[in-house]
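**Student:** According to Swiss-Prot:
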type	residues	note
ACT_SITE	186	active site, nucleophile
BINDING	149, 175, 186, 266, 397, 402	substrate binding site
């Protein structure tokens, strides 16, 4: 596993500053895939959507997934911008296709930033030639930086494995910090893989990975207009019996990026990891874990290092999943709080100290507050991730457009 510059064979990445942000930071990225690449995408479930989301879905469907390039801008979401939004997306993708010498229908576009603000289209178009030239540099790092908005850190990962003596690489990069909620959290994420997989199989693999990762995170319960996860594969095909190994790799990449997004929640001090075990189904377990991660009362208790277990149980009860309180075991870290639904003897000061230590721990290593809920009603389990909710979150979002 690496967060360096290793990349899947045949793919090129670029990221530059095009003047779309006042900060002069990188704000325009491009991914170029080999010919005959296969693409799958999952997008926001909000009925209020940016035009680029609709265009992405239409082009993936119309081309049966034969996509060559993805243009990504940050700074303006280009959502709720009427005909301008559609025209700007179509104009930009057409220019990219001409510069790359490919079909316009093979180009997707994703945008992120302030809703209601049109793209600074002149700056974008004027800088496209430079962006295409930067593909020669082939920097995954630059692309990862260019899609960020309120993120504090970039989010990228590459993993390698060997199948039949062949090195296989899967890379991913993402953005997301605020407006994060399960079911395609407010985020953009892109995955590339240098193994060829048929469209139908690839759709299934992407859907499985997203269910266990991006659809299992929450920062603030808000869903965006621009959410997108796009995965592209290209390369020599492998025996189908090895597809499970590719699935495992995709799962690792997606979960790593999802946890990075949750940890980088606006104003967050720790990652919250909730494991639900002993459920009747994986789906039930994830729903309960999500409900706990999404509870503002749980998140503020975590921020205050308050082992308020009642909030955890209450959030689980609001999940819509049936379970018996008398069967429950609850742990915060290694401390058992409930045993068969009844309060267990524990030292609240030690639990609070555990939470405080995690709040100050090393980033994504020792800063994880773990909650485990054992339903003792089945054999399935599921995990969701979130973060604490701090005063800093309010400060950031009360001043976002000013």
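The backbone N, Cα and C atoms fix where each Cβ goes, glycine too.
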**Student:** For residue 149 (substrate binding site), what is the secondary structure state per DSSP, taken as helix, strand or coil?
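**Tutor:** Going by the DSSP assignment, residue 149 (substrate binding site) belongs to neither helix nor strand, so it counts as coil.
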**Student:** Mind giving me a neighbour count for residue 149 (substrate binding site)? Other Cβ atoms within 10 Å of its Cβ, every protein chain shown.
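**Tutor:** For residue 149 (substrate binding site), the count of other Cβ atoms within 10 Å is 20.
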**Student:** Determine, from DSSP, whether residue 397 (substrate binding site) sits in helix, strand or coil.
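**Tutor:** Reduced to three states, the DSSP call for residue 397 (substrate binding site) is helix.
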**Student:** Let me know how many other Cβ atoms fall within 10 Å of the Cβ of residue 266 (substrate binding site).
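**Tutor:** Summing over all protein chains shown, residue 266 (substrate binding site) has 23 other Cβ atoms within 10 Å.
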**Student:** Please work out the number of neighbouring Cβ atoms within 10 Å of the Cβ of residue 397 (substrate binding site), leaving out its own Cβ.
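**Tutor:** Its Cβ shell of radius 10 Å holds 16 other Cβ atoms.
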**Student:** Counting across all protein chains present, how many other Cβ atoms fall within 10 Å of the Cβ of residue 175 (substrate binding site)?
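**Tutor:** Taking every protein chain into account, the count is 28.
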**Student:** DSSP three-state call for residue 175 (substrate binding site): helix, strand or coil?
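**Tutor:** Assignment for residue 175 (substrate binding site) reads strand.
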